[in-house]
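Student: According to Swiss-Prot, the protein carries these features:
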SITE      LYS29  site 'Transition state stabilizer'
BINDING   GLY64, GLY65, ARG86, ASN197  substrate binding site
SITE      LYS257  site 'Transition state stabilizer'
Amino acid sequence: MERLVEKAEILMEALPFITKFRGKTFVIKYGGNAMAKADLKVAFAQDILMLKYIGINPVIVHGGGPQIGQMLKRMGLESKFVGGLRVTDRETMEVVEMVLGGLVNKSIVMLINRYAGGHIRAVGLTGKDGGLIRAKKLDAQEYFRQMGDFRPTELLDLGHVGEVEYIDTQILKHLEEDNYIPVIAPVGFDTEGNAYNINADFVASAVAGALKAEKVIFLTDIEGLKDEQGNTVSSINVERINRMIEEGVIKGGMIPKVKACIQALSQGVKKAHILDGRIPHCVLLEIFTSEGIGTEIVS
């Protein structure tokens with residue numbers, strides 16, 4: 001009986017959040033261990049479907065770096081990185097598009113649809129579909145400057161590495177109206193039809209900004225942002241984040257992630273969240289409990 005009462009209390013705790021967020025859009029960047037382990041993949045699919053069933057509109061943007069690396073290795077192609085970005089020549093770009101837009105994207109769609117019921121379905125997209133992601137070649141020197149990583153100019157031609165120029169939300173809105181869950185591969189295209197490999201964090205940020213989403217949520221392999229003492233920060237604003245970057249508390253691969261959060265907030269997204277995707281049902285635990293489990297970032 002006590003367990004039943006406890007379950008009822010959990011549902012009651014979630015009720016105000018369900019009421020608050022019904023009809024809102026959440027953009028979720030899916031990556032890391034949450035994409036690799038079978039039990040976490042199932043938990044993620046269940047979380048996404050739960051959001052949709054209670055009236056929240058989830059939009060998924062996924063990564064796929066390890067899968068790209070594995071395919072390149074199988075094909076005998078070398079993976080080269082500069083400052084965490086994959087140098088992407090034309091041949092590598094073809095593999096990136098095949099892996100992200102095909103193998104990874106469709107596996108996520110199939111997983112969600114396996115557990116979906118009734119009239120809800122997931123559908124896979126790349127930037128080419130409906131002109132969703134207009135991209136351009138990344139200004140690598142400016143990118144590294146913003147990340148506090150200053151590199152010699154001659155090292156900065158990364159090939160088909162791009163950045164988002166524009167998000168056309170029309171196809172996403174049509175899918176939402178028809179009860180589909182969009183699953184987006186971070187491949188963009190320019191007006192000449194050239195394909196670009198784009199950091200999925202910044203695609204998620206741009207999509208959230210274009211949709212004026214309530215939240216953008218990043219699944220990672222860490223507990224959240226850490227303060228100067230190494231403790232997880234439950235809530236933080238942009239001013240403090242910038243100070244922590246200047247002081248070297250936030251560094252390395254976390255800088256692009258928090259920059260993506262800041263970019264989303266600057267475009268009208270209400271909150272950004274960094275969650276530990278290694279925790280089953282981390283999305284539900286963050287959104288529908290008072291304490292949460294990760295770090296929320298506000299303006």
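Cβ atoms here come from the backbone N, Cα and C positions, even for glycine.
Help me see these features in their spatial surroundings.
Tutor: In sequence order, VAL61, HIS62, GLY63, ALA200, ASP201, ALA204, VAL216, ILE217, PHE218, LEU219 constitute the residues six or more apart from LYS29 (site 'Transition state stabilizer') in its chain with CB-CB distances below 8 Å.
Sequence-distant contacts of ARG86 (substrate binding site), defined by Cβ-Cβ distance under 8 angstroms and a gap of at least six in the same chain, are GLY65, ILE68, SER79, LYS80, THR92, VAL96, LEU158, VAL161, ASN197.
Taking a C-beta cut-off of under 8 angstroms and a sequence separation of 6 or more, LYS257 (site 'Transition state stabilizer') has the following same-chain neighbours: ASP201, PHE218, THR220, ILE274. Annotation note: LYS257 (site 'Transition state stabilizer') sits in a helical segment as assigned by DSSP.
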Student: By the count of other Cβ atoms within 10 Å, pick out the sparsest of the binding-site residues GLY64, GLY65.
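Tutor: So among GLY64, GLY65, the binding-site residues given, the one with the fewest Cβ atoms within 10 Å is GLY65.
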Student: Which secondary structure state does DSSP assign to GLY64 (substrate binding site), in the simple three-class scheme?
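Tutor: Coil, per DSSP.
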Student: Could you name the residues, excluding GLY64, GLY65, ARG86, ASN197, of the same chain that surround the substrate site, i.e. Cβ within 8 Å of the Cβ centre of those residues, in sequence order?
Tutor: GLY63, ILE68, GLY69, THR88, VAL96, VAL99, LEU100
Student: For the substrate binding site, please report the maximum Cα-Cα distance among GLY64, GLY65, ARG86, ASN197 in Å.
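Tutor: If we measure all Cα pairs in GLY64, GLY65, ARG86, ASN197, the largest is 12 Å.
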